[in-house]
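Colleague: These came from TrEMBL, pasted as-is:
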REGION    1-36  region 'Disordered'
TRANSMEM  60-81  transmembrane segment
TRANSMEM  137-155  transmembrane segment
TRANSMEM  161-183  transmembrane segment
TRANSMEM  216-243  transmembrane segment
TRANSMEM  285-311  transmembrane segment
TRANSMEM  343-363  transmembrane segment
TRANSMEM  375-398  transmembrane segment
TRANSMEM  405-425  transmembrane segment
TRANSMEM  431-448  transmembrane segment
TRANSMEM  469-489  transmembrane segment
TRANSMEM  495-514  transmembrane segment
REGION    524-602  region 'Disordered'
COMPBIAS  570-587  compositional bias 'Low complexity'
Amino acid sequence: MEAEPPLYPVAGAAGPQGDEDRLGVPDGPEAPLDELVGAYPNYNEEEEERRYYRRKRLGVLKNVLAASAGGALTYGVYLGLLQMQLILHYDETYREVKYGNMGLPDIDSKMLMGINVTPIAALLYTPVLIRFFGTKWMMFLAVGIYALFVSTNYWERYYTLVPSAVALGMAIVPLWASMGNYITRMAQKYYEYSHYKERDEQGPQQRPPRGSHAPYLLVFQAIFYSFFHLSFACAQLPMIYFLNHYLYDLNHTLYNVQSCGTNSQGILSGFNKTVLRTLPRSRNLIVVESVLMAVAFLAMLLVLGLCGAAYRPTEEIDLRSVGWGNIFQLPFKHVRDFRLRHLVPFFIYSGFEVLFACTGLALGYGVCSVGLERLAYLLVAYSLGASASSVLGLMGLWLPRTVPLLAGAGLHLLLTLALFFWAPAPRVLQHIWILYVAAALWGVGSALNKTGLSTLLGILYEDKERQDFIFTIYHWWQAVAIFTVYLGSSLPMKAKLSVLLVTLVAAAASYLWMEQKLRRGVVPRQPRIPRPQHKVRGYRYLEEDNSDESDAEGEHGGGGRGDGAEEEAPPAGTRPGPEPAGAGRRPCPYEQALGGDGPEEQ
């Protein structure tokens, strides 16, 4: 019986053609090494590099879209749940039938206090949390806290609603500060991946030209705020498809309302205490809250699974290693910068105008005159106007950067003056189109304000070591403005409009003054970011030139160690090397390579 030939030829064995294969190349030990491990003959290095950086750019776009969608879903769920909850708890019949003498109004007031008061302390802990967890993980944890707030509404009690509201208040500034920082970093990374050839020519340590990432930042901020402003429309879906079916019409809810608009006092003075025709079944409420909980969980998954890291691992280590005391102090030290001081009125106005759109315009002018059942449609008009107009922030690609901010401020100035002299009559629907137009135009101004401010901060502060501090300061001042609106909710509408008008004029004047200083060449005084002081002992940080050396150490000529060790300088003529390992410590691989004296070598 004839033996079958082997399935694969044996390496080195002589075949029918001797020691050569069909191509004439020797097989076995005589085979040339290049034929075995050499480069692929059709390999095109430039083409592969181009494809690699194209994938990197697509990854950055995926990060921006995922972060924008996650932020919009999170904020939409939060606003929608809070709005539905406050309307249900406002109704007297609902409170007495469902909760008896549990004191639901007191719980709601403490819950709102937790949401609005807690962010005042955010300046103390936000930079520390962002540096400790990292930008992406801070976003994920903050979105998780928003989801926690949604979950507590399954069981509405003091010990569930109030603590979750306080936790939510603590997460507001870290979430939006890390979001702003994340979008800015993505624009810088997109520039790096688009101009990788220039970066290779300049060297990896060379900083890109100032303002080079600005076009990408304008586009990414427009995308982010288009999604963000859509959250106001998403928040109205529970109202439109669920709660509106249970509401009384305007003839019942506005029966005792005497004045609206600029003549109104507080929030909906004279509004009827019963707004629900029939009480929603508990099963239906659980279904709605479950849908909101699922959307919040989806936002968490978007941030966790689709958002990449904002920094490289070594950059994250460097950002943490400046010292926690310095991280705590640096937001306060940035007050020295005149640019931030001049932008503070705009930060405050940015918080005022959003709250005025949701409370003053929507409630004082809208609900007060056309009824609670049309509140959702007014906010949808505001949302769609703001989302569509976020694209107008791209005007900065062709026009001076002052144009978007001042255009939004001018539009809000005209609307505020018009609202100052307008008092719509209660229970009259003829002027409802004016309300929709005013809400949409206010959204246009809000979009120009938000995109302009965030883009301006990303252009003025390009250093990645400062961006989290800058966005923390921005969103902290917004939180202070929202807290001020919360305190002054009982003021007359004329007083609210006056404060809004004065803040807007002061913000525009202060911003123009800042731009004039920059044109004159006034150099801003920025606090120095300390060099990283690494405590890790490993070859990554034991280089011949001590990159962790601070300026003071370099001036004193010690060439000293960043952690202030007490070791004497090596004698002249000796080769610099790592410090000897102690008797109780195993030397690291770098020390072993240089002949370090570990316990095994003694």
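Glycine is no exception: its Cβ is also placed from the backbone N, Cα and C atoms.
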Colleague: Look over the recorded stretches 137-155, 405-425, 469-489 and say which has the most C-beta pairs under 8 A to the transmembrane segment (60-81).
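Modeller: By Cβ pairs under 8 Å, 137-155 leads among 137-155, 405-425, 469-489.
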Colleague: Thinking of Cβ pairs under 8 Å, which stretch from 216-243, 285-311, 431-448, 469-489 has the most of them with the transmembrane segment (495-514)?
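Modeller: Counting Cβ pairs under 8 Å, the winner is 469-489.
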Colleague: Taking 137-155, 216-243, 343-363, 405-425, 431-448 as candidates, which has the most Cβ pairs under 8 Å with the transmembrane segment (161-183)?
Modeller: 137-155
Colleague: Short question: which residues 6 or more past the ends of the transmembrane segment (375-398) have a Cβ under 8 Å from it?
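Modeller: Contacts with the transmembrane segment (375-398): 214-215, 218-219, 221-222, 225-227, 229-233, 235-236, 239-240, 244, 357-358, 361-363, 366-367, 404, 407, 435-436, 439-444, 446-448, 450-452, 455.
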Colleague: Sequence-remote contacts (6 or more beyond its ends) of the transmembrane segment (216-243), Cβ cut-off under 8 Å?
Modeller: 64-65, 67-69, 71-81, 83-84, 87-88, 179, 183-184, 186-188, 190-191, 194, 280, 284, 288, 292, 358, 375-377, 379-380, 382-384, 386-388, 390-391, 393-394, 396-397, 443, 446-447, 450-451, 454-455, 458-459
Colleague: The transmembrane segment (469-489) and the transmembrane segment (431-448): do they have three or more Cβ pairs under 8 Å, with pairs 6 or more apart in sequence?
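Modeller: These two stretches do not touch.
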Colleague: Below 8 angstroms Cβ to Cβ, which residues of this chain, lying six or more residues outside the transmembrane segment (343-363), approach it?
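Modeller: Here the qualifying positions are 232, 267-268, 375, 378-379, 382, 405, 412, 419, 438-439, 442-443, 445-446, 449-450, 453, 456-457, 473-474, 477-482, 484-485, 489, 493, 496-497, 499-500, 503-504, 506-507, 510-511, 514.
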